[in-house]
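Dropping a structure here in structure tokens format, bear with me for questions.
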Amino acid sequence: MPEVGPGGASRPESADARFWNGDYYNQGNGQEEIFDKLKEECGVFGVFGHPDAAHLSYYGLHALQHRGEESCGICTSDDGSFHYHRGMGLVKEVFDRDKLDALVGNRAIGHVRYSTSGSSQLGNAQPLVFKYRDGDLAVCTNGNLVNEPVIRRELEEQGSIFQTSSDTEVIAHLIARSPKDLVEAVKDAFARLIGGYAFLIMTKDRLIAACDPNGFRPLVMGRLGDAYIFASETCAFETIGAEYVRDVQPGEILILDENGLREERFAPMERRAVCAMEYIYFARPDSDINQINLHSARKRMGQQLALESFVDADIVTGVPDSSISAAIGYAEQTGISYELGLIKNKYTGRTFIQPSQELREKGVKMKLSAVRKVVEGKRVVMIDDSIVRGTTSLRIVNLLREAGATEVHVRISSPPFMNPCYYGIDTPNPGDLIASTKSVEEIRKAINADSLYFLSHSGLIDAVGGHDGEKNRGLCMSCFDRDYPTKVQFELAKATSCSCD
Ligand code: SF4
């Protein structure tokens, strides 16, 4: 259970000095990342029935860029002819006007992707496009299939040859091998899958959207004039001026063709389990999931955090960008003023040239700065959304101390993250999750905080405010409580489970 760290504790004892002095900026995971945040999954976007399908997809994917920065792609259909372009990098880097103009057609599916290390290659960029007996088939997905290795092995034993290491290719093979018509083949294929996924599939005459039976990953449908639009998040609708219609429901399959929209199921809804981390951290604050606005939900998390763990302080600040909403909520609830104590430099993104080793020691400051005039001499409550390995929190606490904060009280707007995710989030090995091996007090010392508190399990569920009468009010909380909503074949699951492919 979460516990309140001792407020006003002195700085760490000598046993913890390694967390405070020397190499702390690089200390931790041994990887090149300066920050150790969880990696988001992927984003999907689809258009059916609009002459500017490619351009709409470009803007839609740009709005979903936060869900994947490694690669992206768009595939269009023009009376049965497929045109596609995929590349490594951001949407704005991969596409230019000429490339978009070449993607003719009034239907499109698109994708932005993160990868696990080692699988960051163009071959795995999506949408994947295949030839099957009725023509072309384009597939993209957000999520992860728990039983992908089992199905892949089975298909290989039956003669299938795979081109990629991607989950998405498995579903394409299942569809292609089925003797049934496309929609029935897709339903049969989905019925075999275990995991968290939102799929978009395009053939010469159809666009199909589907969500797993637990609804782990968000997928929404909208309208733009007569056209239908699908997206991982509603923020993409705002960008292109589309109107939200509804969320795709767990176990549902939506089929668009020349006859319009068909709403069917490939499986009954099982226990609804929308990813809690979408609400806490992943999705954009201007998006809604199941009609719950993310900024508002995060504010309620901050308010609840304040109710559970008030500490006397001078200012509240949030770690940008995902924790600002919760920090505003904490400040509102306590009456302590919210201040911009931390500023993120938005221009040191993925492509920033790694500094020399000497400068890397200060690398964190290129991405995040403490505002000295704001925090100097102040007791600071620092709100963050999660602690993964602990290295990020340590760096940020130290930034605040170096800028003159007299006390740093860390409040986390989620329970301790202590279990791997099998549903499409790239999580470190369980042993690297600091909450899986350390008590709250040990974590407090490790991150050099004066006090530390994690939002309670029930506080998080109530703050999101999902579906009454359902377990966890319809949230997946497995990374906090290890209560996985599906069968999880631990022996088969990948150590880092997001393939999003
Ligand atoms: S285990 Fe955690 S990160 Fe994974 S789907 Fe569930 S809530 Fe989301």
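Indices start at 1 and increase along the chain as displayed.
A Cβ is built for glycine as well, from the same backbone N, Cα and C atoms used for every other residue.
In TrEMBL, annotation is done automatically, which means it is predicted and not curated.
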Among SER322, SER451, SER456, SER458, which residue does TrEMBL annotate as binding Mg(2+) at the site that also has ASP384, ASP385?
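Of the residues offered, the record points to SER322.
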On a C-alpha basis, identify the one among CYS42, SER322, ASP384, ASP385 that is nearest to CYS479 ([4Fe-4S] cluster binding site); the candidates are the recorded positions.
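Of the recorded positions CYS42, SER322, ASP384, ASP385, ASP385 has its Cα closest to that of CYS479 ([4Fe-4S] cluster binding site).
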Between the Cα atoms of SER322 (Mg(2+) binding site) and CYS275 ([4Fe-4S] cluster binding site), find the distance and write it as a whole number of Å.
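With the alpha carbons as reference points, the distance is 16 Å.
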Name them in sequence order: residues not among SER322, ASP384, ASP385 whose Cβ is within 8 Å of the mean position of the Cβ atoms defining the Mg(2+) site.
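Here the non-site neighbours turn out to be ILE280, TYR281, GLY318, VAL319, SER323, ALA326, ILE383, SER386, ILE412, SER413.
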Sequence gap of 6 or more, C-beta under 8 Å: which same-chain residues meet both conditions with respect to ASP384 (Mg(2+) binding site)?
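GLY318, VAL319, SER323, THR392, SER393, ILE396, VAL410, ARG411, ILE412, SER413 - these are the non-local Cβ neighbours of ASP384 (Mg(2+) binding site), listed in sequence order.
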